[in-house]
Amino acid sequence: MSFRKEDGVSSLCQKALHIITELCFAGQVEWDKCSGIFPADRSGQGGGGTDISVSLLAVVVSFCGLALLVVSLFVFWKLCWPCWKSKLVAPNLSVLPQSISSAPTEVFETEEKKEVEENEKPAPKAIEPAIKISHTSPDIPAEVQTALKEHLIKHARVQRQTTEPTSSSRHNSFRRHLPRQMNVSSVDFSVGTEPILQRGETRTSIGRIKPELYKQKSVDSEGNRKDDVKTCGKLNFALQYDYENELLVVKIIKALDLPAKDFTGTSDPYVKIYLLPDRKKKFQTRVHRKTLNPLFDELFQFPVVYDQLSNRKLHFSIYDFDRFSRHDMIGEVILDNLFEVSDLSREATVWKDIHCATTESIDLGEIMFSLCYLPTAGRMTLTVIKCRNLKAMDITGSSDPYVKVSLMCEGRRLKKRKTTTKKNTLNPVYNEAIIFDIPPENVDQVSLCIAVMDYDRVGHNEVIGVCRTGLDAEGLGRDHWNEMLAYHRKPITHWHPLLELPGRATSFDSQGSCSSPRPPSTP
């Protein structure tokens, strides 16, 4: 009986413990009171699991909050920053026009004050900055040019040349360089006075040069030269204008009866085509091997407005390809009038004679310079302005050009000057003045040789091309000189084509004199 009672009591105790545990886990009883009833291992497991779950939940919530904050900041920056930026820049932009508008007015006021001060000075002092140009060919300042120009405009009617040399020492240096055949001792280098010419008066003298006579002679000589041009075959091409796309369509068809340039009795011809005066855009046909009658049949398009066609010229240059040396120029065709055949609304076929290549026709570029002579001061100023379309002398397709000017007398070089070097360009701009002291009695006996050189740091400087001006020059060189002598104290500016130097040397500095760059006479 006692055994059964103990079993019943134990079962009741277990049921009671079970009920108490359910109440504790259900939250009906405080956990501190329940911890003393449960076994140590079970109570420890229940408390540790709860702590781990709470800490894990806190980490997840904090991470999500941080991610949400980053996303919100990024969206805010994308949407709101451009608006704020424009608002910040707007006030600064409103201030800029005021500063810009105020700056030119201050500059103009200072320039006007300087001009007024210069105009109030005597005439010799006003011309002094322009006359004192360095003989080492510096750049002419823009302020000196403007001051001199305005002074000459105001005083041109009543002001005569007032620059008088103090002594004849300047002419003595020139006298030492003259050849012995000239009787220099009998030459009077004194400077005479000239009467002031009033408005409407004209000065006539027996020795005055008349440029009309020289111009007429040069025109006649050029006309005779054109009649004597030697031909070397014919070129066939077609022209048409595309009104819709504003394109000049040029079709090079073929060439006939070309001269043989190779020792085998044939040539390897190809054609280069330009639409002058712009030489930056050019086209070239394929090379046809070993033939004197090549059939090209190639089409090229030049973008040009129809109204500008009357001022354009087509230039065809026919070359012989040489793999191992410089390509030989066979000849050229220049079409001065594009409307010679038709109005180009339809395709028009043209046959033209190919003019044989001469030294003058080789394209080496052009140079622009001005000449001005002051007879009372015995001073000649040559201003090198710029060059264009120079021949590329470096492997990079460019050049480092500078201009060298030599004062010549009967084949001897008396003096030489040069400009600065312009790096890596085929169209350099100089605006540099070069001055020579030449007495009026010796102007007819001298000439100027202008050479455009390519500077080479390692080897010799090479000659790109030369031109010459003087009474013994030909064509434009002589006309430019005569015009300078006819209009004293006035800069005369012209473009001059560069010619290849006969007996071309690698270095122009090694030559004792500048040989004449005249093209060879055609039969």
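Heads up, the Cβ atoms here are built off N, Cα and C, so glycines get one too.
The annotation topological domain 'Vesicular' is assigned in Swiss-Prot to 1-55 on the grounds of sequence analysis.
Swiss-Prot lists 13-35 with the feature region 'Cysteine motif', giving similarity to another entry as the kind of evidence.
Taken from Swiss-Prot, the feature topological domain 'Cytoplasmic' applies to 77-523.
Computed over the domain 'C2 1' (231-352), the whole-number mean pLDDT of the model equals 86. Look at Swiss-Prot and you will find 231-352 tagged as domain 'C2 1'.
DSSP assigns D262 (Ca(2+) 1 binding site) to coil in the three-state reduction, outside any helix or strand. Per Swiss-Prot, Ca(2+) 1 binding site is recorded for D262, D268, D320, F321, D322, and the stated evidence type is sequence analysis.
Just so you know, the Cβ of D322 (Ca(2+) 1 binding site) picks up 13 other Cβ atoms within 10 Å once every protein chain is counted. According to Swiss-Prot, the feature Ca(2+) 3 binding site maps to D322, S325, D328, an assignment based on sequence analysis.
The domain 'C2 2' feature in Swiss-Prot is assigned to 363-496; the stated evidence is sequence analysis. Residues in the domain 'C2 2' (363-496) partition by DSSP class (helix H, G, I; strand E, B; coil) as 17 helix, 66 strand, 51 coil.
For D394 (Ca(2+) 4 binding site), the same-chain residues lying six or more positions away in sequence with a CB closer than 8 A to its CB are D400, D454. According to Swiss-Prot, the feature Ca(2+) 4 binding site maps to D394, D400, D454, D456, an assignment based on sequence analysis.
Following the DSSP three-state reduction, the secondary structure of D328 (Ca(2+) 3 binding site) is strand. Taking only the Cα positions, the spacing between F321 (Ca(2+) 1 binding site) and D328 (Ca(2+) 3 binding site) is 7 angstrom. When Cα-Cα distances from D328 (Ca(2+) 3 binding site) are compared across the binding-site residues D268, D322, D456, the shortest belongs to D322.
Around D268 (Ca(2+) 1 binding site), the C-beta neighbours below 8 angstroms that are at least 6 residues distant in the chain are K261, D262, V287, H288, R289, K290, D320, F321, D322. Counting other Cβ atoms within 10 Å of each Cβ, the binding-site residues D262, D454 show the lowest value at D262.
DSSP places the residues of the domain 'C2 1' (231-352) in helix, strand and coil in these numbers: 6 helix, 67 strand, 49 coil. Same-chain neighbours of the Ca(2+) 1 site beyond D262, D268, D320, F321, D322, judged by a C-beta within 8 angstroms of the site's C-beta center, are, in sequence order, K261, S267, P269, V287, Y319, R323, H327, D328. In sequence order, M393, S399, P401, Y455, N461, E462 are the residues of the same chain, not among D394, D400, D454, D456, whose CB sits within 8 A of the CB centroid for the Ca(2+) 4 site.
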